[in-house]
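Novice: I grabbed these lines from Swiss-Prot:
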ACT_SITE  Lys110  active site, schiff-base intermediate with DXP
BINDING   Gly171, Ala197, Gly198, Asn219, Thr220  1-deoxy-D-xylulose 5-phosphate binding site
Amino acid sequence: MEDAVTMDTAFEDKPLVVAGRTFTSRLIIGTGKYKTYAQNAQALEASGAEMITVAIRRVNLSNPDEPRLVDFISPDDYTFLPNTAGCFTGEDAVRTLRLAREAGGWNLVKLEVLSDPKHLYPDMAETLRAAELLIKDGFDVMVYCSDDPVYARKLEEIGCCAIMPLGAPIGSGLGIQNPVNIRLIIEQTKVPVIVDAGVGTASDATVAMELGCDGVLMNTAIAEAKDPIRMARAMRHAVIAGRESYLAGRMPKKRYADPSSPLSGLI
């Protein structure tokens, strides 16, 4: 029994902590592109996620005459993460999040300032400027950014509570396109690093976690799957598998074969 307890302890992992908030799930999902809020709620439950992004400019939170997200997903049960999807200037992003705080009292927010509607890459100069304003205003800022280690360091230095580099363009489903840069960001960063955007299927989520990311955020990969609920469940297992694999440490790659059964002592 003592050996079993020791083994269980060895397999334990530290929880994800963002701005003093603790999460057991390392998967974050969104609220866009689902057919209904009911489907979104089912996917959320299947995913095991505890945090869900909310596009303040697009999601109905308050109008009782139309379907409301809060009628299906309660902020008492999940951490709502207001984001600035659709904002193309720092001023617009700051204004949106200030309105979100007035409406729901949210201080933990996700900042994204986009550049071009075609590729939705972040405008890093505007992102940095907006992040500084929000942090001075008392927000805990999780920030969507490029996979540039230099900008990632600057965002951490000004006080962002999580760095969220893209794996590929938003909604592209291309998977992790620049694992080298993602790894560089992980190695230099003390706050959580969460891949945001580009995940297309479960194996992409596993790759992100095997690189050493603290979490993965996704929306389209689940919402546009043929079976969103099943894909949400797949993503749940993929994130866990990737994290376990990272903690276990993979075997070294070798140029030549190495037999599984020792050759010594053969009859």
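Cβ coordinates are placed from backbone N, Cα and C, and glycine is handled just like the others.
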Novice: Between the Cα atoms of Gly171 (1-deoxy-D-xylulose 5-phosphate binding site) and Lys110 (active site, schiff-base intermediate with DXP), what distance do you get, rounded to the nearest Å?
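Specialist: With distance taken Cα to Cα, Lys110 (active site, schiff-base intermediate with DXP) is 17 Å from Gly171 (1-deoxy-D-xylulose 5-phosphate binding site).
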Novice: In whole Å, how far is Thr220 (1-deoxy-D-xylulose 5-phosphate binding site) from the residue listed as 'active site, schiff-base intermediate with DXP' when you measure between their Cα atoms?
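Specialist: Cα to Cα, the residue listed as 'active site, schiff-base intermediate with DXP' and Thr220 (1-deoxy-D-xylulose 5-phosphate binding site) are separated by 17 Å.
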Novice: When you measure from the Cβ of Asn219 (1-deoxy-D-xylulose 5-phosphate binding site), how many other Cβ atoms are you left with inside 10 Å?
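Specialist: Around Asn219 (1-deoxy-D-xylulose 5-phosphate binding site), other Cβ atoms within 10 Å: 25.
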Novice: Please work out the number of neighbouring Cβ atoms within 10 Å of the Cβ of Gly198 (1-deoxy-D-xylulose 5-phosphate binding site), leaving out its own Cβ.
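Specialist: Its Cβ has 26 other Cβ atoms within 10 Å.
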Novice: Tell me, if you would, which residue among Lys110, Gly171 (recorded positions) has the fewest other CB atoms within 10 Å in the structure shown?
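Specialist: Lowest Cβ count within 10 Å among the recorded positions (Lys110, Gly171) is Gly171.
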Novice: Please work out the number of neighbouring Cβ atoms within 10 Å of the Cβ of Thr220 (1-deoxy-D-xylulose 5-phosphate binding site), leaving out its own Cβ.
Specialist: 18
Novice: Give the sequence-ordered set of same-chain residues, not counting Gly171, Ala197, Gly198, Asn219, Thr220, with Cβ within 8 Å of the centre of the Cβ atoms defining the 1-deoxy-D-xylulose 5-phosphate site.
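Specialist: In sequence order, the nearby non-listed residues are Ala168, Pro169, Ile170, Ser172, Gly173, Val199, Met218, Ala221.
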Novice: In terms of DSSP three-state secondary structure, what is the assignment for Ala197 (1-deoxy-D-xylulose 5-phosphate binding site)?
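Specialist: The residue in question, Ala197 (1-deoxy-D-xylulose 5-phosphate binding site), is coil (DSSP, three-state).
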Novice: Test of understanding: give the count of other CB atoms lying within 10 angstroms of the CB of Ala197 (1-deoxy-D-xylulose 5-phosphate binding site).
Specialist: 25
